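*Asks:* Once you've had a glance at the structure underneath, I'll fire off some questions.
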There are 2 protein chains.
Amino acid sequence: MEKEISQAVIRRMPRYYRYLGELLDAGVERISSNELSSCMHVTASQIRQDLNNFGGFGQQGYGYNVQYLYDEIGKILGLNETHNVIVIGIGNLGQAIANYVKFEKLGFKIVGLFDVNPALKGKEVRDIPIRMLEELPEFVKTTRVDIAALTLPKQNAEATAAQLSSLGVHAIWNFAHVDLDDVEDMVVENVHLSDSLMQLSYNIANHKK
Amino acid sequence: MEKEISQAVIRRMPRYYRYLGELLDAGVERISSNELSSCMHVTASQIRQDLNNFGGFGQQGYGYNVQYLYDEIGKILGLNETHNVIVIGIGNLGQAIANYVKFEKLGFKIVGLFDVNPALKGKEVRDIPIRMLEELPEFVKTTRVDIAALTLPKQNAEATAAQLSSLGVHAIWNFAHVDLDDVEDMVVENVHLSDSLMQLSYNIANHKK
């Protein structure tokens with residue numbers, strides 16, 4: 001991938017992947033861009049434009065081969081590789097993530113759980129023991145960690161992110177209520193649940209009118 | 001709000017609100033668009049453009065009054081009104097949402113919890129009893145419900161959304177792994193955690209290169 005592709009395009013790719021997966025489950029082998037467009041509520045030209053960023057995958061008059069397109073988008077999204085994930089902060093949200101089997105099907109494997117609360121030490125979620133955060137430096141020496149999910153309070157997020165970077169973990173899936181854009185050599189995906197709730201609130205207020 | 005404002009702009013407003021809240025907490029009374037720009041990693045012209053959609057709030061040579069801008073953005077986002085929220089599906093994610101006190105500070109009040117698992121009946125999360133989903137029609141007769149958070153399996157999401165609409169609940173905060181764009185007279189905000197994880201995966205793959 002030589003050219004820079006906008007994050008708006010990237011944001012739509014998982015959705016294509018999801019719909020194509022459902023089509024595959026339903027036994028659909030090929031689909032026209034018009035049909036794909038109508039089930040996804042995206043214009044056919046948007047779909048063509050998006051996919052053309054990666055070379056395009058359709059054939060004039062044939063449409064898309066669902067399996068092929070699904071596999072190619074999977075590769076674009078890096079899903080042909082397994083990602084080892086640790087979760088830091090094993091409250092309800094951390095547990096929800098540790099328990100979400102769907103992620104494993106996509107190649108995201110939970111390999112470690114960490115917290116600072118001694119009461120959690122040695123407890124398990126899906127047979128994975130909860131370790132104390134101070135054990136993290138030892139842990140990464142023997143286990144490859146590709147992604148750290150941060151489900152911890154905002155005030156601890158930045159220090160933990162800096163520590164992760166120094167330990168060679170360079171991707172964070174961040175649920176803490178703070179943007180982590182300043183951490184050096186770190187790929188960050190922020191999931192701000194309050195932000196999404198506020199966007200919903202806006203749309204409720206403006207739907208009524 | 002007469003004109004349609006793009007969802008891309010709306011998506012940035014909660015982030016402005018969050019940063020302004022932090023500035024307020026830090027005792028900052030006014031800020032130039034350049035300063036706001038540098039702490040938010042957004043260009044000053046982007047900030048001005050975004051705010052101009054709502055009439056603009058800055059004064060030439062003075063910058064922004066932080067409290068005023070915070071309050072105005074809060075109003076734009078509908079945060080001057082309280083929203084009553086129910087959570088349907090009290091697994092780990094549903095519990096995480098029910099426990100997240102931050103939401104309450106923004107005026108989102110959890111008023112009911114529902115599940116279909118009889119084993120959960122009568123258990124409580126933060127003093128709110130878990131009710132059976134079949135009690136929902138009775139519940140909405142006596143309690144105003146503005147938003148339903150759906151933290152339930154994908155296969156139940158569409159039927160539940162349709163039921164909510166028929167019961168007069170017209171906003172869904174959807175965590176189920178399916179888009180709910182087809183439900184009539186319903187404002188939907190989808191939070192697809194897998195999609196966000198896939199976007200992170202893409203950015204990891206393309207960061208290396």
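Note that Cβ sites are derived from N, Cα and C of the backbone, with glycine treated the same way.
Straight from TrEMBL, here's the annotation block:
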- A:15-54: DNA-binding region (DNA_BIND)
- A:78-179: domain 'CoA-binding' (DOMAIN)
- A:GLY89, A:ILE90, A:GLY91, A:ASN92, A:LEU93, A:GLY94: NAD(+) binding site (BINDING)
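What's the neighbourhood like for each of these?
*Replies:* Sequence-remote contacts of a segment are chain residues at least 6 beyond its ends whose Cβ falls under 8 Å from one of its Cβ atoms, and for the DNA-binding region (A:15-54) they are 1, 5, 9, 62-67, 69-70, 72-74, 76-77, 79.
Counting every protein chain shown, the number of other Cβ atoms lying within 10 Å of the Cβ of A:ASN92 (NAD(+) binding site) is 19. In the three-state DSSP assignment, the secondary structure recorded for A:ASN92 (NAD(+) binding site) is helix.
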*Asks:* Quick check on the binding-site residues A:GLY91, A:GLY94: which one has the highest count of other Cβ atoms within 10 Å of its Cβ?
*Replies:* A:GLY94
*Asks:* Might you list, by sequence position, any residue in that chain lying six or more from A:ILE90 (NAD(+) binding site) with a Cβ less than 8 Å away from its Cβ?
*Replies:* A:ALA98, A:LEU113, A:PHE114, A:ASP115, A:ASN117, A:LEU120, A:VAL125, A:ILE130, A:THR151
